[in-house]
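K.L.:
Here it is, the structure, as structure tokens.
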Amino acid sequence: MSTRQAILDWCKQTLQTDLYQDYAPNGLQIEGREEIFKIVTAVTASRAAAAYAVEQGADMLLVHHGLFWKSEPVTVTGWKKDRIATLLAGNINMAGYHLPLDAHPVLGNNAQLAGLMGWETEYRFGEQNLLNAGRLNTPQTTAQLCADLQSRLGRTPVAVGGERIIKRIVWCTGGAQGFFQTAIEEGADAYITGEISEAQFHLANETGVVFVSAGHHATERYGIQALGAALAQEFGIETVFFDERNPA
Ligand SMILES: [Zn+2]
């Protein structure tokens with residue numbers, strides 16, 4: 001058993017949340033009971049994740065994508081009300097860690113994806129250190145890299161920029177297609193992220209730098225699980241990961 005405050009303090013310190021300028025609050029977003037025996041982790045605080053936390057008898061839902069974003073209306077209505085009502089009715093805490101959980105050098109989504117894929121991280125760079133640069137241990141073609149992503153993430157990636165030999169890679173999990181230009185300037189052979197927009201097709205073709213969209217959910221499943229495992233070890237509490245078949 002632990003307390004909500006002890007867990008929040010540990011996460012704040014470990015993830016160094018104060019160092020980030022985020023567009024979502026990092027830490028507690030919905031307050032529930034004080035004692036924590038069990039945590040459900042999930043990529044997103046969806047209605048399904050909230051319902052699962054209730055079903056599991058969890059004391060906390062711990063996520064990468066919480067419920068409050070700067071760009072969204074601040075009113076609590078419709079689907080947002082449903083999610084919040086489910087958590088409040090269950091007296092379940094909900095805590096979210098966004099950019100700090102992308103960038104953390106060990107527990108972060110970028111680091112965990114690299115570990116899963118066997119990529120070597122050389123350094124972190126770019127806006128708030130959200131980009132990772134490294135090398136493939138063995139150079140791969142675009143098709144080989146995609147086959148590897150497919151087999152380890154269970155989702156078919158979208159690659160543009162053509163077939164070439166890839167050695168130097170830059171990656172950032174989630175919806176980071178906007179950093180493609182930064183990756184090009186860094187001298188990458190390929191940039192791997194979670195989502196693709198229209199513009200990246202042209203940029204990839206015109207620069208010869210391969211762009212791979214491997215799935216927002218698929219690339220961000222691992223940081224929150226690593227955080228859950230670290231909390232389980234630190235506090236001796238039970239953690240369960242709730243996965244959703246989100247193809248985006
Ligand atoms: Zn994300």
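If you go along the chain as it appears here, the first residue is 1 and each next one adds 1.
From the backbone N, Cα and C atoms, a Cβ is placed for every residue, glycine too.
Grabbed the feature section from TrEMBL, which reads as follows:
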BINDING   His64  divalent metal cation 2 binding site
BINDING   His65, Asp102, His216, Glu220  divalent metal cation 1 binding site
K.L.:
Compile a sequence-ordered list of residues in the same chain as Asp102 (divalent metal cation 1 binding site), six or more apart from it, whose Cβ lies below 8 A from its Cβ; state 'none' when nothing qualifies.
P.N.:
His64, Gly108, Asn109, Asn110, Leu130, Cys172, Thr173, Gly174, Glu220, Gly223
K.L.:
What residue among the binding-site residues His64, His65, His216 has the most other CB atoms lying within 10 A of its CB?
P.N.:
His64
K.L.:
When you average the Cβ positions of His65, Asp102, His216, Glu220 for the divalent metal cation 1 site, which other residues in that chain have a Cβ within 8 Å of that mean position?
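P.N.:
The answer, listed by sequence position, is Val43, His64, His98, Asn109, Thr173, Gly174, Gly175, Gly194, His217, Thr219, Gly223.
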K.L.:
Have a look around Glu220 (divalent metal cation 1 binding site) and count the other CB atoms within 10 A of its CB, chains all included.
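P.N.:
By my count, 24.
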K.L.:
Which state, by DSSP, holds Glu220 (divalent metal cation 1 binding site): helix, strand or coil?
P.N.:
coil
